[in-house]
Amino acid sequence: MAAAPETKTVHSPALTYFSMLSLLSLCPPFVILLWYTMVHADGSVVQTWNYLKQHGLQGFIDIWPRPTAIAWKIIFVYGAFEAALQLLLPGKRVEGPISPTGNRPVYKANGMAAYFVTLVTYISLWWFEIFNPTVVYDHLGEIYSALIFGSLIFCVFLYIKGHVAPSSTDSGSSGNLIIDFYWGMELYPRIGKNFDIKVFTNCRFGMMSWAVLAVTYCIKQYELNGKVSDSMLVNTTLMLVYVTKFFWWEAGYWNTMDIAHDRAGFYICWGCLVWVPSVYTSPGMYLVNHPVNLGMQLALSILVAGILCIYINYDCDRQRQEFRRTNGKCKIWGKAPSKIEATYTTTSGETKTSLLLTSGWWGLARHFHYVPEILAAFFWTVPALFNHFLPYFYVVFLTILLFDRAKRDDDRCRSKYGKYWKLYCNKVPYKIIPGIY
C-alpha cells in the first residue's frame, strides 16, 4: 500500500470533520446564491434572504439554473483549448520540490504563453465578431451549475484513480472515505506522463478563467452601457495584473502548499474548477450592473495602491525563489541573506537539508506575503464602494483562507523541521502581520 496522506487534522478532529462536511454541502449552493444575488437581486443579500424566506426551499430550487447544452459546450471548448495549450506549447523544463517520498516532479513552464494565447484569442473572437463573450455572462448561472456537478464527478474520478491507478508513490488512503475525497489521494496525479492534473485544474482552468471572466464582465458592461466605467477599468486592470503576475511566476507556484503539499481532492480541485471562477471574480460580476464613477483621482489612487500591493506580493515570492535557486548565495535587499540550515528526514528515511530565509520580506513575518495579497484583493474590490457587503465576500474569504493556510503551513513545518523550526520562529516571531500577529 502506498504511503498514507500526511495528517491534515491540524484542528481538533470534531472541528475538522465539521469543516469538511460543511464545505462539501454548503459551497455548491453558495456559488448559485452568490451568482443569483449579484445578477438578479441587485447585489443585495437582504433581497435574496427575503426571497428565500418567502419561497423557502422550493424558491431556492427554482433559482438554481439547470446545466444547458450551451453551458456544457462553453466549458468543454474552454477546457479542451487550455489542455491543448498545456500539452502543446513549448516551455522550459522545471523541476518541482522533492516530495515526502523523495520524488521530484517535472513540469513544462509554458503558463505565460498559454495566458497570452488565451487572452489574445478570446479578445480577437470578440473583436472580429466570431464569438461574443457576453454569451458567457448571459449563461453564467448555467455554467456554474454545470461546473458544480461536473467537478464533483471529476473529484470522484480522482478518488477512484488514487485507489486503482496512482501516478506516483506520493499517494495513498487515510482509511477514511470523507477525508480521502475531500483532501485527495494523490499529490501529483497525471494522465499519461506529461498531463499534470493539478497544473490544469489550479492554473490553466481556474486561474485562467479568472482573467477570462474579468474581460467578460468588462465587455458585458460595455455592451450594456456603451462605455466601461472607471470602477470596472480599475477592477479589471488590477485582476489582470494579478493573474499576469501569477503566470509570470507560475513555476514558483509549483513550490507552494497548493501543489507541493495539498493533494488533489475536493478542497483543491473543486475549489479551483468552481470556487475560483465564481467567488474570486465576484467583484467584477457585481460591477457589471453597478457601474460606479470614481473620478480620475480616486481611480488612479486605488489603481496605484493595488499595483504596489501586487508588486510586493510578487517580490516576496521572487525573493524566496531566488534564495532557493542560488542555495542562499544571493543578495537580499543588498546584503547577504540571513538563514537557518535545517535538516529533515523523508518518509523513505533519507536525510535532506533545507535553507530557511530569515531576512528581507521573510524576516518581517513568516507569511508576510499574505498581507499584500489580501490588500490587493481589497483594492480591486473597493471600486464597488460600500452600498453592498457581498462584493467584499472574496476579501473576507481570502483572509480566512490565508490565515488558516498559515496555521497549516506552520504546523507542517514544525512537524518536518522540529528544533530548526523552533529556532526559525524565535528569529521570525510574527506569523503574518509584523508587530501584531
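Cβ coordinates are placed from backbone N, Cα and C, and glycine is handled just like the others.
According to TrEMBL, the protein has these features:
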TRANSMEM  15-36  transmembrane segment
TRANSMEM  70-89  transmembrane segment
TRANSMEM  109-128  transmembrane segment
TRANSMEM  140-160  transmembrane segment
TRANSMEM  199-219  transmembrane segment
TRANSMEM  231-249  transmembrane segment
TRANSMEM  264-282  transmembrane segment
TRANSMEM  294-314  transmembrane segment
TRANSMEM  377-403  transmembrane segment
Cβ-based contact of the transmembrane segment (294-314) with the transmembrane segment (70-89), 3 or more pairs under 8 Å: no
Intrachain neighbours beyond the transmembrane segment (15-36), with Cβ under 8 angstroms and 6 or more residues off its ends: 8-9, 48, 60, 63-65, 140-141, 144-145, 148, 152, 178-179, 182, 266-267, 270, 274-275, 278-279, 282, 285, 390, 393
Top Cβ-contact partner of the transmembrane segment (140-160) among 70-89, 199-219, 231-249, 264-282, 377-403 (pairs under 8 Å): 264-282
Contacting positions for the transmembrane segment (231-249) when only residues 6+ beyond its ends and CB under 8 Å are counted: 111-112, 114-115, 203, 207-208, 210-211, 214-215, 217-218, 221, 281, 283-284, 287-288, 291-294, 299, 302-303, 306-307, 310, 313-314, 317-318, 321, 376, 379-381, 383-385
Remote residues contacting the transmembrane segment (377-403) - C-beta distance under 8 A, at least 6 residues beyond either end: 34, 37-38, 42-45, 230-232, 234-235, 238-239, 242, 279-280, 282-283, 286-287, 290, 292, 294, 299, 302, 305-306, 309, 367, 370, 432
Long-range neighbours of the transmembrane segment (70-89), counting only residues six or more past its ends (CB under 8 A): 108, 110, 113-114, 117-118, 121, 135-136, 139, 142-143, 145-147, 150, 194-196, 199-200, 204-205, 208-209, 212
